[in-house]
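Report on the following structure.
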Amino acid sequence: MKDALTLWHERKSNYWKEARGYLRFILNSGFVVSLYFLFIFLTIYYQRFVETMPEHFPVALLLTLLFTWRLTAGGVRTFVKQADIVFLLPYEARMQPYFARAVRYSMLWQLAYIIVLMMAAGPLFTARIGEGAVFWLALVVLLALKSWNVLAVWKEQRLPSKGERVSHICLRLLLNGVTVYLLFVKAPYWLVLGLLVFMVLLYVLYWRGFSLKYTLKWARLIEVESSMLMFFYRIANAFIDVPQLQQQVRERKYASFIIPFLGGKKRTVYSFLYARTFLRANDYVGTYVRLLFVGGIVLYIVPAGWLQVAIALLFIHMTMMQLSTLSFHYVTNMWVDLYPVRADESKTSLTAVVLRLLVVQVVLFSFVIVLTQAFLHAGVMLVAGSLFAVYGSYTLIHRKKGKYRRVR
């Protein structure tokens, strides 16, 4: 077996070599241009919003929710592979330097994430909570909390059941939420410090004991690593074929009522397949809901006007690009080719399913604009968004597939 540190550096290097290749395609795509313009618009109007923010706006609560989520979320990148459960399991005792590097690597990335998030929230923080030493002290506390969470989540990978892991996540969520809220409402420093000391003692006396009580769960490490890797692959898959992309299927019976709506009245074979794929495969429905939710919040926050229409169209374009990969699930499936249907039915059905999803997004975005009392712009959004959804569903999503993928 290779030295543990040598193996770590080799696997990290291989991952970034592969990731750089995909990032090159992403950075050269039109999607990045959309994000760039969206970033410019949001930067300008974010500052204006801070300057005209109502006195009763709950800044402390908003930042508490944001940072509690980011502090609690996240895992440890180990770069382990499926075969490791067979070949590296006998050498587990010699793998400690490898996993120590994995924890440190993950911690540095997640601390950087917190720093960027705090800098982005800086105008809100300094406008209502404090500036100077108060800001930097809050950042130090948040970095300490994130470090504690990374160490804790690494120990939680040894827990034998999902229920136990979920209960510990809930415990960390509660501790993070209380500490961050006290920090942002400027509670007495001794109270925040006392909570930090309590969390350190809790880790030393409780979480660290998992190493003695439970064995390392290799299957769980592989599951976490695969989930993180597939997240990146799904993003890259919107721009270029990713052969390593594994299809993950979730049953989601509770949302089965959506399938008839997406499939339409004709209920063709492919419309049924694409509707079920959107609902159950990978994270299409999650990505769609997130873009819908974030887009709605942005539209509600920015000043009423034509900017709302532009931002809404940008979010529709991003959604369109994510949904354009739906057909990839069946490109290499020979059983689908045996269906006694017309050759063009796949394209027609994909168009219909994507169009319905985009129209729902257009209607909801228009409704959010109505809530801001920009009635004229809501009407324009409804018309322009619908036309863009039709154009994208009939042309853009298929052009994307033809450019980067093997056409059926």
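Here the Cβ of each residue, glycine as well, is placed from N, Cα and C on the backbone.
Record features (TrEMBL):
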- 21-45: transmembrane segment (TRANSMEM)
- 57-80: transmembrane segment (TRANSMEM)
- 101-121: transmembrane segment (TRANSMEM)
- 133-154: transmembrane segment (TRANSMEM)
- 166-184: transmembrane segment (TRANSMEM)
- 190-207: transmembrane segment (TRANSMEM)
- 284-303: transmembrane segment (TRANSMEM)
- 309-332: transmembrane segment (TRANSMEM)
- 353-372: transmembrane segment (TRANSMEM)
- 378-397: transmembrane segment (TRANSMEM)
Under 8 Å, at least three CB pairs between the transmembrane segment (284-303) and the transmembrane segment (166-184) (pairs 6 or more apart)? no
Region pair the transmembrane segment (353-372) / the transmembrane segment (378-397), three or more CB pairs under 8 Å: yes
Do any residues, 6 or more residues outside the transmembrane segment (378-397), come within under 8 Å Cβ-to-Cβ of it, and if so which ones? 308-309, 312-313, 316-317, 320, 323-324, 350-352, 354-355, 358-359, 361-363, 365-367, 369-370
Here the stretch out of 21-45, 57-80, 101-121, 133-154, 190-207 with the most C-beta pairs under 8 Å to the transmembrane segment (166-184) is 57-80
